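J.: The structure is given below, and queries will be raised subsequently.
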Amino acid sequence: MIRVICDNETFELPTGSTAADFASKIKNSHYFAGVVINDQIKDLSTTLSEGDVLKFVTFTDPEGREIFLHTSAHMLAQAVLRLWPQAIPTIGPVIDLGFYYDFANLSISEDDFPAIENMVEQIAKERFEISKKTFNDKQEALQEFASNPFKVELIQEFPEDENITCYSQGEFMDLCRGPHLPSTAPVKAFKLLRTSAAYWRGDPSRESLVRIYGVSFPTTKELKEHLHQLEEAKKRDHRVLGTKLDLFSQQECSAGMPFFHPRGMIIWDALIGYWKRLHQLAGYKEILTPQLVNRSLWEVSGHWSNYKENMYTLKIDEEDYAIKPMNCPGCMLYYKTRLHSYKEFPLRIAEIGHVHRYEISGALSGLMRVRAFHQDDAHVFLTPEQVEEETLNILNLVSELYSTFGLEYHLELSTRPEKATIGSDELWDLATAALERALINSNTPFVINPGDGAFYGPKIDIHVKDAIQRTWQCGTIQLDMFLPERFELEYTNAQGEKSTPIMLHRALFGSIERFLGILIEHFKGRFPLWLSPEHVRLITVADRHQPRAQELATAWQQLGFVVTVDDSNESVSKKIRNAQNMQVNYMVTLGDREIEENTLAVRTRDNRVLNNMTIDTFINTILEEKNSLSLTPLL
């Protein structure tokens, strides 16, 4: 007999029992997709050992969802091979909103999707058992996949001493690390989304492939809800709205580096202005460090040896330089410009730095995935005893910032990875416990990701939920025990001795470009007044009203409003439609009556008409709306 632990209870099982054997004794076990054993995700067919700690996962768990989607990708490949036997499967990973599979020697269109979907449905009905096979010898694996040059290439890259695994279901077998569902039966709702061209390993010099994207769910109801969400997401696509609202553009000559237009810069400046005010009140000092730095800095930071392939490098006077991919090393140099005492800790240093990181062209997407972006970093230098309190301060700052935009969020605490190389066990335990206590005291729900921290410290990730319930990883709070040591940072402690500070590295927006993309989609382009690129548009009824419109525009601009005048020859109704299409918050129509009575005819973005409004009432109300950072109109 062996003893295992599940849900904090100990169970005795016969020696040789699998996770599936144990699961069969649990109610609703047919929903289980896999099992986490000692913090490692595994197949349900895994044999259990004495002392194992188990957690069964379903589709609603991130691990379970990944298993479900990964199996669905294999079912897609199996269906394609049944319909087009000459196709050559390459890889089929899980992605954020589903999965894809790449094929060589295949030509299809979306007209073929119904046939593939029907075949996947048939494979699910056949209820194939999914089994794992391990090759202890690389040559055996090469022989098994000899007819597929893509699999052969992958197998050849495996270390000689590493086991190679594959999974089979019916007549289909694929090279894969797993884990997978026990059978094909649970995949009851399957939908193909689109197809595109791709290159093997993302390299344009390699073989051209056909990529098929799909998504799957345990029930038709969940699939319908997801497809509805995708339709809503299309309406909110920041790339479409960014063009329609004249906020930004993409140019072929500078892929992944967006061009912000004047209207987009108004939103940008409002975001940055809010961020600066928030941080000044929280005791942060702002710096600005160079973008182009000598190789020597990146060698000290470790980027040159570990991150060089993601950096843009060049030579100046025969010396190697790199455009910074991160702000952290520059802040380390700033810290070293003078001596420090524990009395000035926590020392909060902030920087909105322009960073550049290489991304393959196929991964670029609007403002969400770029090569150049601004990151709102801050580095807080402190003593070990201050970690908990300062983390709580940062969490309170997170709460204030995201609530300002009406964004819900959840937090994830990632703990020490198995191969952590920096810091003692004691320091890791103290640091992790401090972050966890701060999370508890913040009264914000959080989950723990065991072993998912960086090698230099535990971290808290901030996941934002938008208006259509999608989640985005934005900010992070990272405890860094690495860089202060690498850069030989020091401070004088209370005993008058030299010590190395602990550093909290945190970003709230994360990438400001990405956060702006999220906001465009969250608000559907209908920004609250304080963020809006155009607060008021004055609409003249006739040419004779233009001087008064310009007079009001000038006066209101001096109060800090973004005001434009439409004195074109279009009809008033057309001018109003144009303003509404550009999501202007307030439209003010000026005709003879308004000028004679010194009043305003105000129309809101939601088409509410407010006639005979006094100028003072209008201005005072929208001033309050703007200055209070209100998310809803006050008129």
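The backbone N, Cα and C atoms fix where each Cβ goes, glycine too.
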J.: Given that Swiss-Prot annotates C328, H379 as binding Zn(2+), state which candidate in H226, H228, H505 belongs to that site as well.
T.: H505
J.: Cβ within 8 Å of the Zn(2+) site centroid (C328, H379, H505 excluded): which residues?
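T.: Counting only non-site residues, the set is N327, C331, M332, D377, A378, Q478, D480, L483, M503, L504, R506.
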J.: Using a 10 Å cut-off on Cβ-Cβ distances across all protein chains shown, tell me which of the binding-site residues (H379, H505) has the largest neighbour count.
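T.: Answer by Cβ density within 10 Å: H379.
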J.: As a test of reading the model: what is the averaged pLDDT for the region 'Catalytic' (237-528)?
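T.: For the region 'Catalytic' (237-528), the model's average pLDDT rounds to 93.
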